[in-house]
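> Relevant sequence annotations retrieved from Swiss-Prot are reproduced here:
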| type | residues | note |
| --- | --- | --- |
| BINDING | G370, T371, G372, K373, T374 | ATP binding site |
Amino acid sequence: MQQHPDQLKLEEEPYLKGTVNTVIYHNDTNLYTVLKVKVTETSEAIEDKAVSVTGYFPALQEEETYTFYGKIVTHPKFGLQFQAEHFKKEIPTTKEGIIQYLSSDLFEGIGKKTAEEIVKKLGDSAINKILADASVLYDVPRLSKKKADTLAGALQRHQGLEQIMISLNQFGFGPQLSMKIYQAYESETLEKIQENPYQLVKDVEGIGFGKADELGSRMGLSGNHPERVKAAILYTLETTCLSEGHTYIETEQLIIDTQSLLNQSAREGQRITEMDAANAIIALGENKDIVIEDGRCYFPSLFYAEQNVAKRVKHIASQTEYENQFPESEFLLALGELEERMDVQYAPSQKEAIQKALSSPMLLLTGGPGTGKTTVIRGIVELYGELHGVSLDPSAYKKDEAFPIVLAAPTGRAAKRMSESTGLPAVTIHRLLGWNGAEGFTHTEDQPIEGKLLIIDEASMLDIWLANHLFKAIPDHIQIIIVGDEDQLPSVGPGQVLRDLLASQVIPTVRLTDIYRQAEGSSIVELAHQMKNGLLPNNLTAPTKDRSFIRCGGSQIKEVVEKVVANALKKGYTAKDIQVLAPMYRGKAGINELNVMLQDILNPPKEKRRELKFGDVVYRTGDKILQLVNQPENNVFNGDIGEITSIFYAKENTEKEDMAVVSFDGNEMTFTKKDFNQFTHAYCCSIHKSQGSEFPIVVLPVVKGYYRMLRRNLLYTAITRAKKFLILCGEEEALEWGVKNNDATVRQTSLKNRLSVQVEEMDAELEALQKELPFSVHDANIGMEGITPFDFMKEEQQ
């Protein structure tokens, strides 16, 4: 009998057959599994009777027999292991084995007695008979037709998994990604892929256009196949919006970019024409995969996020109940008493900001460093309590009684700064909205947030997705104050919410321009405002009491930074006080190399200092680390800085995994070693990651090797992180070039224009579009609930 080619391939692979004694570990999310297997047969030189088998599997059953295909590896701590790429379930052939198999947790509703009846009726070949014809079960006592069909279907799925995994492996998918694909499609996996391999991009996290296109090519799909062109358009739209911060792309530009992508590797001379791309865009629009409006193409989540934010902002801003709420004489009297009590003298623009904040439904407060934004926020809070006769002591309120003033910011560190400056509780926006993981946000339009006054700080970091969720959850009766510096870097995610709100001129706005910290002798603030205008001081290299410039070339940066940090340590500063910032990761002056050097200075190895190696990186207790992945459910966000407080080795815990405990300002999280890619060292970090934070000492290398990244708003953001001291090191020419370079990408957004449209017109437009769509526009993130910018971006995995 001729063997199937796949079977020949399997027999050539190293294998291990055995019974699963124990499932040591199984991750329900990524399916990573560690098993202890009693070996009955193997192609390898394995002397142990029981071996650890690792791989990505569904929930395998203890006491069941499987054949694993892969290779022997030696783990540095756990010794010899069999690393499985795929596996197959051995069909039991004895009556006892079949009864145990059918009555296992794999088959819901089949108990031992029913399994015994099946074996009694069908004999030792029961499983093969059921796989061949499900109707053989219909005459089995104790088994209804519905249960019989369910059992037969489950058997087909479990037995089919073996062939599916083999095929996916041949398609070039690794075991982890193969399991993700199987989870998405189950028994229909191969049919779905054959039907349209590009559907994988939409349905399976971790598969990008490149991987799907490689598969499409292997399957013989033509270069101008409609599904390929549509997938390329979605990929281009997604990656451009995420990398450039746009909420849309002009249709003409989208066609050009798609042609450029696909024609780089045209198949068999099949080039994509403008008409091919245009037809695909029309088809995507008709299928509601994108929204086309006035020559612009949007993802639905971005289109409706902008629509909803504009509608809510205009509605809230139109409230009139706060006008003339307090007579001017009463306001001025209370303000004067506040100035005396707090020993502060408010400037005219600051008084205007406080008065508008208390008499408007919404206020935008903007200004650069040192202009008194924090002073104004503190004044608003104090005067609100005074004029409304409410206590500002959180302990005076009962557990179920809402505190009237709500303070929030996009990141944990920004919220902490807000709390420190006001003396009141402050939270992240995700915490305010009640993020609860996969279920999304607790607070929505149906269950709005509580309070009377809401102040949002660091609003330049607010992207359109989060802004949409925020404004949906704000009830009409809450006054809103939005604070931020429009000259800082925009949000990581799409949109430019603060800039668009300011440009729309539909919301009362106060711009603080007078610099107060400069009067206190802060040359850092003076430098920031000069940079904002494209200028540098004549005395740039002359040392001041809070700023210095050290000339050096790119090859000398590590040595200079090392000396600066060592000197700061001698003066009593700690790793928490010192922050090195750089715009690039690679190179001698890059973040990666600087972190290695800084760790050796700030947290060197010691005899009792525990450490773990992850790839080429060593982590130690006491290390300063930077979170890279949003985990709103744990109140930890991309950009948060923490400290490794404990390290536990695998032999010391029941999970049998190396672990690190990280404290983010008292909020502790435990990471298993395989999740160490969620953070990195924070002795040196990117300027983007530092946004929303302040540090006593900032060390900023600026060299010509950074030229691709040097821009005015980047440098402006970097130097405004320094609270007490700023040490610039590098080349004057590089700094001058960066300050003159104001060519930051102009984000393409529609929020400003939508804010100028009347609410009635917007309602009519939304209603017309809703009739064409298969879902409710009130859920702006259909299919993407709770998604962050990083969740939205799919990266290819092997």
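Using N, Cα and C of the backbone, Cβ positions are placed for all residues, glycine too.
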> If you run the three-state DSSP split on K373 (ATP binding site), which class comes out?
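In the DSSP reduction, K373 (ATP binding site) maps to helix.
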> For G370 (ATP binding site), just count the other CB atoms lying within 10 A of its CB, please.
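Around the Cβ of G370 (ATP binding site), 22 other Cβ atoms lie within 10 Å.
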> Identify, in sequence order, the residues in the chain of T374 (ATP binding site) that are 6 or more apart from it along the sequence and have a CB within less than 8 Å of its CB; answer 'none' if there are none.
S421
> Other Cβ atoms within 10 Å is the metric here; tell me which of the binding-site residues T371, G372, K373 scores highest.
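The most densely surrounded of these binding-site residues is T371.
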